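Worksheet for the structure shown next.
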Number of protein chains: 4
Amino acid sequence: MSNTFGETLKVTIFGESHGTAIGAVIDGLPPGISIDWDKVRREMARRAPGSSNLATPRKEKDSFEILSGYFNDHTTGTPLAMEIRNGNQHSKDYDILKDHMRPGHADYTGYVKYGGFNDYRGGGHFSGRITAPLTFAGALARQVLEKEGIFIGAHALAIHGIQDRPFHPLGEEKALFERLDAMKLPVMDEKAGKAMEEAILAAQKEGDSVGGVVECMALGLPMGLGDPFFDSLESEMAHMMFSVPAVKAISFGEGFGFASRYGSEANDSLHYEGGTPKALTNHNGGVLGGISSGSPLLFTLAVKPTASIGKRQRTIDISKKEDTDLSIGGRHDPCIIPRAIPVIENAAALVILDLLLTDRRNSHVG
Amino acid sequence: MSNTFGETLKVTIFGESHGTAIGAVIDGLPPGISIDWDKVRREMARRAPGSSNLATPRKEKDSFEILSGYFNDHTTGTPLAMEIRNGNQHSKDYDILKDHMRPGHADYTGYVKYGGFNDYRGGGHFSGRITAPLTFAGALARQVLEKEGIFIGAHALAIHGIQDRPFHPLGEEKALFERLDAMKLPVMDEKAGKAMEEAILAAQKEGDSVGGVVECMALGLPMGLGDPFFDSLESEMAHMMFSVPAVKAISFGEGFGFASRYGSEANDSLHYEGGTPKALTNHNGGVLGGISSGSPLLFTLAVKPTASIGKRQRTIDISKKEDTDLSIGGRHDPCIIPRAIPVIENAAALVILDLLLTDRRNSHVG
Amino acid sequence: MSNTFGETLKVTIFGESHGTAIGAVIDGLPPGISIDWDKVRREMARRAPGSSNLATPRKEKDSFEILSGYFNDHTTGTPLAMEIRNGNQHSKDYDILKDHMRPGHADYTGYVKYGGFNDYRGGGHFSGRITAPLTFAGALARQVLEKEGIFIGAHALAIHGIQDRPFHPLGEEKALFERLDAMKLPVMDEKAGKAMEEAILAAQKEGDSVGGVVECMALGLPMGLGDPFFDSLESEMAHMMFSVPAVKAISFGEGFGFASRYGSEANDSLHYEGGTPKALTNHNGGVLGGISSGSPLLFTLAVKPTASIGKRQRTIDISKKEDTDLSIGGRHDPCIIPRAIPVIENAAALVILDLLLTDRRNSHVG
Amino acid sequence: MSNTFGETLKVTIFGESHGTAIGAVIDGLPPGISIDWDKVRREMARRAPGSSNLATPRKEKDSFEILSGYFNDHTTGTPLAMEIRNGNQHSKDYDILKDHMRPGHADYTGYVKYGGFNDYRGGGHFSGRITAPLTFAGALARQVLEKEGIFIGAHALAIHGIQDRPFHPLGEEKALFERLDAMKLPVMDEKAGKAMEEAILAAQKEGDSVGGVVECMALGLPMGLGDPFFDSLESEMAHMMFSVPAVKAISFGEGFGFASRYGSEANDSLHYEGGTPKALTNHNGGVLGGISSGSPLLFTLAVKPTASIGKRQRTIDISKKEDTDLSIGGRHDPCIIPRAIPVIENAAALVILDLLLTDRRNSHVG
């Protein structure tokens with residue numbers, strides 16, 4: 001099992017949805033950083049359920065407590081540990097899920113991997129709830145990056161086929177990111193946003209769910225981040241993003257669009273702009289040879305429809321060893337994207353800060 | 001820099017395109033494995049240039065030498081090191097590339113990251129040539145997997161917009177994989193294959209290149225591979241695949257197709273088949289919750305058009321600090337996919353064997 | 001900073017002496033292990049202060065809480081996190097230590113390393129208190145090892161020059177280990193034990209402290225543990241032991257005694273005993289070529305006198321930037337060995353279980 | 001198996017004594033370093049056999065070849081790989097060792113660990129010969145450190161009970177280190193040196209061998225190196241040193257001497273010297289709380305007598321499964337210390353540079 005991510009900035013995640021607490025230990029955060037906790041809480045609130053009519057009204061107590069690594073209003077340089085106590089969930093609601101494997105979930109794969117000892121309640125260690133400590137850790141990283149002039153934004157590029165306009169590959173205003181942050185469903189095209197909301201609520205009425213695409217951009221990245229051969233910027237970012245439940249694809253720059261391009265259309269030409277090299281285009285999404293190119297980092301993620309649906313599905317009962325039907329009770333997210341967006345933004349910040357700190361060691365010739 | 005991949009099976013890659021040698025050190029291979037070296041050479045030959053009219057006629061001596069870790073026809077359990085001596089390349093051809101940054105390459109990002117000390121000849125450490133040792137390491141892993149009944153196949157799902165038929169999500173015949181292995185451009189639909197070849201040769205005539213999509217499948221994976229929270233099967237596979245030059249996107253199962261599905265269409269229902277649970281569909285590409293589900297592992301990769309093209313491109317001359325035009329001489333691959341396919345298959349084998357050995361370690365209750 | 005130890009069984013430690021909580025996250029523990037929590041509490045109690053007249057009477061609340069990874073009386077296979085809340089320490093007592101650097105402590109080295117942002121109260125992250133979560137993690141590992149027939153014991157081989165008799169290199173009775181476990185100062189020679197106690201209490205009267213030597217033995221280790229070239233059994237054990245505050249030397253088998261031996265006296269001859277190879281002697285302390293030899297693992301540790309003493313010492317005041325005298329108030333351990341012994345035993349268990357789980361993957365030929 | 005060492009500067013070692021080649025891959029070396037290869041060769045020559053009458057006259061071709069990572073007289077920042085081809089050893093001489101397990105060697109532990117697949121010739125991967133690539137890697141690190149004003153020296157503190165005078169804990173002249181480097185048996189007390197030589201030659205006459213103690217000092221270390229809780233300077237140095245064959249104990253500062261000290265004798269008092277804090281003594285060998293204190297780093301190592309001796313020893317024949325006598329032919333080192341000293345100095349450099357680069361990474365507040 002590996003629940004630790006990072007080369008220089010190491011984050012360890014623990015917890016199960018219905019256990020005593022979930023949390024994170026962040027090791028490698030430089031000393032002397034003063035954290036704006038309200039800002040961290042805002043990121044946590046964006047992810048938390050019950051925040052809008054597009055998400056599950058289920059309330060979760062996501063109030064975190066710092067256990068170590070923060071003293072006199074600054075990071076100490078030693079591990080910063082945090083925990084979020086799990087509220088009194090109605091674990092009873094989940095008893096049926098002990099034997100009835102939810103399609104599209106890790107219920108059965110987890111059952112097999114752990115020989116039946118996994119905590120099945122609410123998905124246990126595979127619950128989306130485990131993204132709360134990840135969001136927390138990322139929110140710290142994000143504050144460090146912002147002091148370095150690195151800003152991250154994301155929006156719903158598509159939900160159930162309805163498209164928002166994409167980010168401009170050569171960059172957007174930082175102010176746009178702030179506006180998106182404030183939206184319950186971050187989009188640039190209001191009309192598309194309305195249609196997306198309707199599609200989400202319609203699916204919910206049917207006891208169903210919808211998926212979509214999230215587009216994420218990072219502005220202000222210095223050149224040189226990423227450690228090929230294996231730890232390229234794309235490798236590290238993809239590694240992290242596939243830890244976010246429901247993410248099933250990642251694409252940098254034109255991604256699958258490259259499949260119908262000519263090389264002459266895919267390469268980004270360089271030229272001098274006031275003495276400094278600049279790219280005229282950004283087909284490659286800010287990464288060349290696995291290393292940040294100085295153009296905005298741009299990637300998109302496919303997010304599958306929430307697996308938990310009320311609609312009747314066929315599945316198995318592993319205690320009776322027979323087929324059965326399952327309609328998942330409780331109140332679930334008809335679309336996870338509104339809550340996935342802050343997770344993605346902050347998880348991206350974690351990857352970028354790790355690569356930034358790792359890269360700096362190379363700039364020291366003994 | 002991290003040039004080592006793997007948790008249990010650790011592979012370290014070294015070398016530059018025009019240096020003395022490239023190679024790999026493979027640490028963690030169990031002792032007592034007898035390798036079929038001809039089979040390894042076949043995989044190396046599939047990747048090597050000069051193998052067909054679709055690839056660069058440039059010949060590379062890819063004959064490898066084992067330096068350690070293999071004794072009396074078996075692995076010893078200690079590091080298996082190999083090297084491939086670089087032939088006498090015409091480095092002179094590359095002198096112009098010292099100052100003229102090739103668009104779409106790591107020339108300029110590498111120059112900045114390494115403060116101008118990188119070996120620029122032929123792309124140095126970022127050359128596609130570095131995939132030779134990766135293919136070697138993967139070919140060893142693949143032999144181990146085949147003894148376990150795990151088989152991997154890949155084909156060109158698309159080249160410059162022309163589509164081959166996709167693999168059946170619930171699996172294909174192992175025999176099909178063998179047929180594909182033998183093709184210079186592995187496809188299932190011959191007509192599509194012909195059209196793809198024509199598109200490649202047409203681009204070549206124009207001094208241009210084309211991209212496409214590779215689809216890869218692994219049959220026979222046991223359930224339980226993948227180590228969430230962070231080291232999910234998708235995370236590990238994506239991490240590796242983005243180390244392969246020109247890969248710009250990865251998608252598992254329906255990938256971006258999920259964006260327009262309902263949950264009821266995206267979940268894979270389970271049922272009992274002769275007493276054992278089976279999935280009725282495989283929308284999720286054999287991975288649920290980051291763990292192998294027992295269905296075939298299925299993923300697609302976007303491969304961008306070869307960045308090296310003869311067509312005149314605008315770029316910069318970093319010594320004169322001025323804009324310039326560049327037409328890349330030498331003979332390059334008009335499409336890298338025929339040679340990328342064996343790299344992808346074998347690199348996938350490396351990831352799967354690492355997860356397999358890692359998982360077994362956990363299955364031991366003290 | 002690295003606060004994570006282990007290749008297969010990864011333990012992450014966090015916390016400061018006077019912070020909110022200290023704790024550990026244990027990742028890689030196989031699923032399905034049922035823990036005897038009373039046994040764990042007993043190990044914690046052996047380490048806790050206030051347990052005898054030989055230790056500081058200062059009481060610490062070492063009652064731990066499990067946050068995750070344990071469900072229905074078994075480990076889940078996902079991270080097992082625990083925390084120990086820090087009681088209401090009189091941090092005020094430590095205010096003087098903000099500026100007055102205690103000789104023999106990490107006060108000043110930590111101040112410099114963390115740019116003055118370290119939590120200085122009670123030694124912060126460098127406090128001996130941080131060995132509580134380490135003891136906890138080790139106590140879990142120890143239970144797993146005992147089920148495998150591996151038993152660990154330790155005693156005070158020397159305190160302030162007074163010698164106990166050493167373990168017999170070829171092994172002791174498991175029952176002896178249990179007797180030692182129950183002693184406040186584990187020794188085999190009662191007379192020596194009495195003299196040691198007197199030496200400790202005499203030093204305490206003078207506001208001083210004493211050091212000594214701990215000898216540790218592990219019985220029942222299978223052959224083959226340890227992963228040279230770098231991760232030899234000795235390397236891993238030493239790495240861990242030097243994490244235990246006050247340990248300043250480690251020696252395997254005859255250790256420094258080898259310096260005056262002939263090879264013919266230092267080698268351990270093998271012979272067949274009922275068909276199985278056995279060593280006639282154990283000069284090498286159960287390790288050959290960095291790998292467990294099947295003989296008992298035997299090592300000794302030098303433990304320096306407690307650095308915190310009442311006696312007046314010369315040191316610096318970093319705020320006034322002037323020399324000063326310091327007499328450390330509060331009630332400190334006149335000798336740390338009685339409390340260090342359970343830490344050492346359990347930390348050793350952690351190393352052995354990690355190597356055991358790591359080794360097993362090698363025995364799987366694909 | 002882990003054959004990679006280091007957090008920021010990662011060194012991977014491969015090879016067997018009688019295989020095709022041995023070597024190292026060094027990943028994480030900053031770009032732009034110009035290496036003095038003659039200096040590296042000198043370090044290699046100090047370690048190589050056949051250099052003096054105190055070492056085996058057996059000649060080994062230790063001429064190394066750089067395979068990658070060095071271009072235009074500077075490191076590139078990508079992996080620097082080197083190899084040493086193994087000369088045409090008389091492997092036949094070793095055939096008897098296939099079945100006759102040499103006491104004091106890894107022959108039998110390696111046989112068991114690798115299920116009999118290990119390369120037994122000349123000790124295979126456990127041969128002292130594998131320290132050649134380690135010495136090479138360390139020699140590079142040492143050059144980087146010297147540019148930073150960090151110098152390392154070592155000498156034979158004792159051989160078979162005969163003592164040299166110890167280094168002064170507060171430091172020695174850099175010039176002394178150079179004098180020691182030039183000696184075939186580095187000692188400060190010539191008389192002791194003579195007596196040591198006689199002891200070595202006398203043992204050799206008897207077909208026996210002798211052990212001793214090596215003392216190593218590093219001058220100029222900045223404060224703050226070492227990454228507790230687990231990766232303390234002592235932990236990292238010990239981890240590395242126990243990778244050096246024949247090392248059986250390590251001690252920092254007064255080491256086992258602490259066992260009979262009072263705290264008031266063991267603590268190092270600080271005072272201001274020209275405005276900067278200095279320690280008045282260095283009982284702790286330059287490490288406090290696992291972090292470099294600014295005083296010279298000082299440690300001693302117990303080196304056991306060479307296990308290969310001509311004297312008749314009792315052991316087992318694993319093919320006949322019976323006891324036998326063994327007198328090891330060939331020409332072996334009667335004392336390994338003269339050749340171990342350069343290995344230890346350079347291996348220490350590797351650890352220090354890794355900690356230095358790692359620490360700098362942390363000193364960057366975002």
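Cβ coordinates are placed from backbone N, Cα and C, and glycine is handled just like the others.
Since we're looking at a predicted model, the values are computed, not measured.
Of all the Cβ atoms in the protein chains shown, 27 others lie within 10 Å of the Cβ of D:Arg47 (NADP(+) binding site). Residues annotated as NADP(+) binding site in TrEMBL: D:Arg47.
Around the Cβ of D:Ser127 (FMN binding site), the number of neighbouring Cβ atoms within 10 Å comes to 22. Annotation source TrEMBL lists FMN binding site at D:His125, D:Phe126, D:Ser127, D:Gly289, D:Lys304, D:Pro305, D:Thr306, D:Ala307, D:Ser308, D:Arg331.
Among the binding-site residues D:Arg47, D:His125, D:Ser127, D:Lys304, the ones with a Cβ under 8 Å from a Cβ of chain C are D:His125, D:Lys304. Contact annotation for chain B: of the listed binding-site residues (D:Arg47, D:Ser127, D:Lys304, D:Thr306), none places its CB atom under 8 A from a CB atom of that chain.
Its own atom aside, the Cβ of D:Lys304 (FMN binding site) has 29 Cβ atoms within 10 angstroms in the protein chains shown. Same-chain residues at least 6 positions away in sequence with a Cβ under 8 Å from that of D:His125 (FMN binding site) are, in sequence order, D:Gly15, D:Glu16, D:Ser17, D:Gly110, D:Asn118, D:Asp119. The CA atom of D:Ser127 (FMN binding site) is located 13 Å away from the CA atom of D:Arg47 (NADP(+) binding site). D:Arg47 (NADP(+) binding site) sits 15 Å from D:Thr306 (FMN binding site), taking the C-alpha atoms as the reference points. Maximum C-alpha to C-alpha distance over the listed FMN-binding residues D:His125, D:Phe126, D:Ser127, D:Gly289, D:Lys304, D:Pro305, D:Thr306, D:Ala307, D:Ser308, D:Arg331 is 45 Å.
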